[in-house]
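Below is one structure; the comments refer to it alone.
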Protein chains: 4
Amino acid sequence: MASGFFGDIAPIRYEGPESDNPLAFRHYNPDEIVAGKRLEDHLRFAVAYWHTFAWEGSDPFGGRTFDRPWFAGDMNAAKLKADVAFEFFQLLGAPYYCFHDADVRPEGADFAENTRNLEAIVDIFEKKQAETGVKLLWGTANLFSHRRYMAGAATNPDPDVFAFAAATVKTCIDATKRLGGENYVLWGGREGYETLLNTDLSRELDQMGRFLNLVVEYKHKIGFKGTILIEPKPQEPTKHQYDYDVATVYGFLKKYGLEREVKVNIEQGHAILAGHSFEHELALARSLGIFGSIDMNRNDYQSGWDTDQFPNNVPEMALAFYQVLKAGGFTTGGTNFDAKLRRQSLDPQDLLIGHIGGMDACARGLKAAARMIADGALEKPLTDRYAGWSGARGKALLSGETSLEGVADLVLRENINPQPKSGRQEYLENVVNRYV
Amino acid sequence: MASGFFGDIAPIRYEGPESDNPLAFRHYNPDEIVAGKRLEDHLRFAVAYWHTFAWEGSDPFGGRTFDRPWFAGDMNAAKLKADVAFEFFQLLGAPYYCFHDADVRPEGADFAENTRNLEAIVDIFEKKQAETGVKLLWGTANLFSHRRYMAGAATNPDPDVFAFAAATVKTCIDATKRLGGENYVLWGGREGYETLLNTDLSRELDQMGRFLNLVVEYKHKIGFKGTILIEPKPQEPTKHQYDYDVATVYGFLKKYGLEREVKVNIEQGHAILAGHSFEHELALARSLGIFGSIDMNRNDYQSGWDTDQFPNNVPEMALAFYQVLKAGGFTTGGTNFDAKLRRQSLDPQDLLIGHIGGMDACARGLKAAARMIADGALEKPLTDRYAGWSGARGKALLSGETSLEGVADLVLRENINPQPKSGRQEYLENVVNRYV
Amino acid sequence: MASGFFGDIAPIRYEGPESDNPLAFRHYNPDEIVAGKRLEDHLRFAVAYWHTFAWEGSDPFGGRTFDRPWFAGDMNAAKLKADVAFEFFQLLGAPYYCFHDADVRPEGADFAENTRNLEAIVDIFEKKQAETGVKLLWGTANLFSHRRYMAGAATNPDPDVFAFAAATVKTCIDATKRLGGENYVLWGGREGYETLLNTDLSRELDQMGRFLNLVVEYKHKIGFKGTILIEPKPQEPTKHQYDYDVATVYGFLKKYGLEREVKVNIEQGHAILAGHSFEHELALARSLGIFGSIDMNRNDYQSGWDTDQFPNNVPEMALAFYQVLKAGGFTTGGTNFDAKLRRQSLDPQDLLIGHIGGMDACARGLKAAARMIADGALEKPLTDRYAGWSGARGKALLSGETSLEGVADLVLRENINPQPKSGRQEYLENVVNRYV
Amino acid sequence: MASGFFGDIAPIRYEGPESDNPLAFRHYNPDEIVAGKRLEDHLRFAVAYWHTFAWEGSDPFGGRTFDRPWFAGDMNAAKLKADVAFEFFQLLGAPYYCFHDADVRPEGADFAENTRNLEAIVDIFEKKQAETGVKLLWGTANLFSHRRYMAGAATNPDPDVFAFAAATVKTCIDATKRLGGENYVLWGGREGYETLLNTDLSRELDQMGRFLNLVVEYKHKIGFKGTILIEPKPQEPTKHQYDYDVATVYGFLKKYGLEREVKVNIEQGHAILAGHSFEHELALARSLGIFGSIDMNRNDYQSGWDTDQFPNNVPEMALAFYQVLKAGGFTTGGTNFDAKLRRQSLDPQDLLIGHIGGMDACARGLKAAARMIADGALEKPLTDRYAGWSGARGKALLSGETSLEGVADLVLRENINPQPKSGRQEYLENVVNRYV
């Protein structure tokens, strides 16, 4: 490898469940056919540029722990980072990556310099994609790290910040289109508030609605075919983030007429922080018709901040991928690892090991989910449970023709006095445990 | 008093802040004029029949602690309970009350008996209201305590339960209309799930949408003029409640075409359990145009279940009533105490003392909020902060005529490079502390 | 079976991982030898009388859902309950059970009647144990459900309640001894407070210290050979429970001179509610020398109350049993299922299915843990990580002979400037995933 | 002022509750006599060097927002920072300050350079203290920010880190002694673990015990008269911090024989994160005899990380200072503001405003607490509630002479059958609201 960063590590291969080689896959065999499709095509793994290459290991109580040769912050460093990144994608066999503008280019003095820097990197990425076959799952703009965004981007009290942010999104959509990105993501990092005392909630929501409409209009104008995705998160960094969870985003899209234009990119850790299970958010998005993509990671249930760990709990992942498969699987979306090493995991090979473990865990989860679906393990009991709704009475109740007083008459006339039936939760939990 | 339950306690009077009489108001003077309106007309206090008269003091680890003469569960007991309830409303000077069917009538063997029992009690309430001048803020149906509802009411897998619930709501709306109730509330006590493994989320949401449409259609048919209110709650008793929070309810209403028909009854404790401040939920409902009424209580921030305590933290209440006043105050809504005594508070006079403390705290909160509004204490800094949006550039950005590429051109041309300004949170917090 | 409650269900057998019989074990083979011991002797499963036979399915928003023929509350019902319980233990093949006095006998009018009722049931249990070979893992007294305990038992403001509770514990220890119980447990259900405003914390802790000393003195006097166990829980039903977690209990035992007399019974759900992982509490108890027994269940991480579900997440259980095995395994302790059916799981066979799933999951967890230990999978990296402490400098630093200024001199003299090494967390997580 | 940083702001004065000057005290009048002592002598306010002068406004999603002229990180910057700090203490009228070594001196290349840098600053501080009369409440060492401490300081797997940390503490105690510091604090920033998989809990606790003994031995050797304080925190930055809460620290001190040598510095935000109220931690420390000092701030109850906001909720603070006063007030301890501006509060005067609001809120809280104590408002009901324990039976039960079987005999003989009495929580809450 050119950069030498990963020493003599060979590309990661599938060696099967009995392998104890930490630098091999035990469950992720890209070419394995599951439910009629290659595993790679099901999972569509992407590496997150920010955590894997830009994060320095700092936390609120300590600074940089990692010691990477590309942390200098100038264009040369950005190029070295790009070299290492593509080496990493190839070593790992990751078909996709994702990035923010700020991950890949040095911060400039103004918008013009930012744009030039980004374009220079896009030139490089374009070549590297062609050389390696690695593709862009999605691009995005970092509208939260720079101090200009401290009070929000689209929802800033200062219209100049809205303008700067909008201009930045334009350049990032342009970059994403040029690189063949399959989606464009908006994470409202600081779209929210620290205190209602200094916040005009209504005004800010309207600003955000207008901003998103600008983005959607532009997408159509330039013929970008990818999906626009919003990534819900309930809080952190702000006290309250407007894109709280899937249900909140849905209401927002409905209010601003965008529910057919925009889908959601759901992150396990953000679901947890909002008080939901990951599978809840996935199931709800499926139900509302806005399921798009996932940010795969895991949050410590007992840490109240975004821990962004690599996923490893297979039983939980089986339930998540069950929802993904029930939603028809990914179309433009994929499985992006929005996961970072623990800050004590200093070694280059830790980067590979974190991803390998996550990919293996995803593969186990998806394969278990596929088997549950093939067996109708959960579907059959579900059909039985709701069977009454397929009968005449059930259908009549849901038709527009029934009235409340009509139902009351019916109950009285037939002395309807329903008896509860077992919900069989433990039985179903045991069934799932047969598969994981 | 006829029942003798409260002994020789005299009606509670306003004695002013210096009073140390535990059975007097220190801040709630119903006739005090605040912002042009009597305090009683601002606050519109209601007593909750369930907590105050029906709750027995049990918790998950212990049974009944209270020893009330009306706990027998037959019609005589229900009548005694009604006597004591109206004595209580008068002693306290509460202008309103609220009830579920199951609070006021004995449980019958079937729907017909339930209906007869309810009607017999409504006859009594009608007389008592006329005699005392006490009014009904809202009525509601208990669709969660009986075992038939263990898997939900509208969202039950069994259509017979849906029918039984719908019939029950009809009788409760009828009762509410007859008693001149100003609102009708739906709390989806078990509309949600324990596990996704046995739940068809999409189907259940559609059932709930149809159910609510039945209710709204019926309201119009019978000419009920009150407001239909949904009460959000995120979880408990179920793992996930569909009416999670205000934002979720809004999306649901939009999906089923009901956002102009239904408003929300917001509870402090439910807001907290959903990870929101009470004032957030109020501000959001105001912004979305669905603010209706409040269930006033307080949840222990550190207990993960619904503690339903009487409110007492005046600084927090000032912020809540600030939002209520900014929303234009209550129209049909009011301040219902969805609060219960601690289960060790055994004495009849504890019932009065809990409410007195809550009413005084509300009065202090509302008066502080009114003074802040009169002074423009928070409004002026807010106007300053967003002033840019009233300028030409701000207006243009939000108009439908701007495009993303137009904004990018603007930023480039004028080299817009915004500098952040202080958000002044501590200043504003100190300002609030001048008023509380 | 005599009672007929379980119909014609045959005793549960081990059928191996491929079985899809919901009434068979797939992983728990009692006679399988793991790490030199039968699985049954490792796990020492116990059924909890309260959840399995006494709990009625109520929650804070609804009453009884189960419909058991023994819910009448008199002595005949208690006898029928005992019949069904022992039938259940045999069907399941559970070697142990656990009970509170209040689970097994009707509530009497006073202490004397309670004692007589308990003794009558103990007579029955004694015979049934002899007939079936089922043994008592531990007995305990319910000092929290009756209203007399609403303000605590040992920590009650009324010394008469302390006396009543102490007398009750005496009868329960007597019963436990007679039945050959291997431990006696104290769970301080209401030893804590609702508000500091009415609580003398110091006084109550001293009361609790004296109470526990009374128990320990009595144990020795009557020659009870079992272990006295405290069960930590942080809150619920009270705002704050004094036996918050393992660390708190340890400090309490040290203060009252009991750290060699009393150990802890650790519950997964209580650990979670205290903000700890289950394995943390186990590891800490091991480190402090007070590990005793476990209450196996699972708490929903996202529900802030005690959900007491059957365990099913095998990766988590492997880590828990790893700690149990590292602590040397159980001596007098065991794996009590402090788990209850979901209240919608109405059928008798749900009781079996819940336990079967839990026992299988425990067996998988323990077997994975045993393999990790046999391979040194976690131990070898740990030894390497701390190797420096086995060197001369490490030993000197921990010896009593070094002084702070001596260390400072050393650092200066040798210019000690330590370089961090990778903590390899992801590697170790992947290693664990090889075993589960 | 020399530095010019605060422009022409005049020293902050007490102007009384009617003042609307944001740069004046409304409640904190240092010379006001409360319960026989000047307010300044009760509260003993200290400014935290780290938050106020060293923190740059970064959070996990964004970098520096503040723009201070002393952020260069060299010795000249450190001197400018010291100038501004002492100007600030004088403007504010703060009698005390607190610092970590890393707050005040540039980071050196090794221990020797760190020590030299610290000593140079201590020379400056010594002069400034003499000139201004400002005193040092406590000093401490930052053993968590530098990457060498990423796996802990005393509890590091590498003994060299233990040595480096111990040497650093020596220099910081020396500095504290030289500056007349009244306490020395240890906050175990990374004494804990990220995962048990790579952690030897027992070994690390023993390391920490030895470390603390080294500190205590050194204190006595050099004749430092201040108090050694541990600051509990449950998690963040690590998954689990060993000094979890007051109860945990107490058990640790008992285990390592230090409960008479070391006290606790209790922070509101850390109490909250551990699931406790602030007043609980204060009351428990008082009960255990280890109350030392407080870190005053406020944590957002709904943010799961350390928000370190300035305190402003007066009713809560009254309950906290009630505990402080009941503990006898501060001896060597004080009220350190471990609070930071929100990162959007950019202006120099925001620094003053944050502290002014906090000091006013503390003053209101303490004055309310003092009035409650003077009136016996809470004490009298408490005495009544526990009156039984002063009687003969109560005393006998707690004496060492009673036995469990003796109590059982007594209950039987006298048919003790206690009846519960109201706990009067709502009454007491209303009483408190008379004072705040």
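Placement of Cβ uses the backbone N, Cα and C atoms for every residue, glycine included.
These numbers come from a predicted model, not from an experiment.
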Worksheet entry | Candidate sharing the Mg(2+) 1 site with A:E231, A:E267, A:D338 (per TrEMBL), from A:D200, A:D295, A:D300, A:D306 | A:D295
Item to complete: With a CB cutoff of 8 A to chain D, go through the binding-site residues A:E267, A:D295, A:D306, A:D308 and name the hits, or write none.
Response: A:D306
Worksheet entry | A:E231 (Mg(2+) 1 binding site) and A:H100 (active site), distance between Cα atoms, whole Å | 14
Response to the item:
Near Mg(2+) 2: residues not in A:E267, A:H270, A:D306, A:D308 with Cβ within 8 Å of the site Cβ centroid are A:K233, A:Q268, A:G269, A:I272, A:L273, A:D295, A:N297, A:N299, A:T307, A:D338
Discussion item. Residues other than A:E231, A:E267, A:D295, A:D338 within 8 Å, Cβ to Cβ centroid, of the Mg(2+) 1 site?
Written reply: A:W187, A:K233, A:N265, A:I266, A:Q268, A:G269, A:H270, A:I294, A:M296, A:N297, A:N336
Response to the item:
Per the 10 Å Cα distance test against A:D295 (Mg(2+) 1 binding site), the recorded positions A:D103, A:H270, A:D306 reduce to A:H270
Worksheet entry | Using Cα positions only, nearest of the binding-site residues to A:D103 (active site) (A:E231, A:D306, A:D338) | A:D338
Worksheet item: About how far apart, in whole Å, are the alpha carbons (Cα) of A:D338 (Mg(2+) 1 binding site) and A:D308 (Mg(2+) 2 binding site)?
Response: 7
Worksheet entry | Inter-residue C-alpha distance, A:H270 (Mg(2+) 2 binding site) and A:E231 (Mg(2+) 1 binding site) (nearest angstrom) | 9
Discussion item. Measuring Cα to Cα, how many Å separate A:D306 (Mg(2+) 2 binding site) from A:E267 (Mg(2+) 1 binding site)?
Written reply: 10
Response to the item:
CB neighbours within 10 A of A:D295 (Mg(2+) 1 binding site), counting all protein chains shown, number 25
Item to complete: Looking only at C-alpha atoms, tell me how far A:D308 (Mg(2+) 2 binding site) is from A:E267 (Mg(2+) 1 binding site), rounded to the nearest Å.
Response: 9
Fill in: Packing count at A:E231 (Mg(2+) 1 binding site) (other Cβ atoms within 10 Å of its Cβ)
22
Worksheet item: Taking each of the binding-site residues A:E267, A:D338 in turn and counting other Cβ atoms within 10 Å of its Cβ, which one has the fewest?
Response: A:D338
Worksheet, complete the sentence: DSSP output for A:H100 (active site) maps to strand
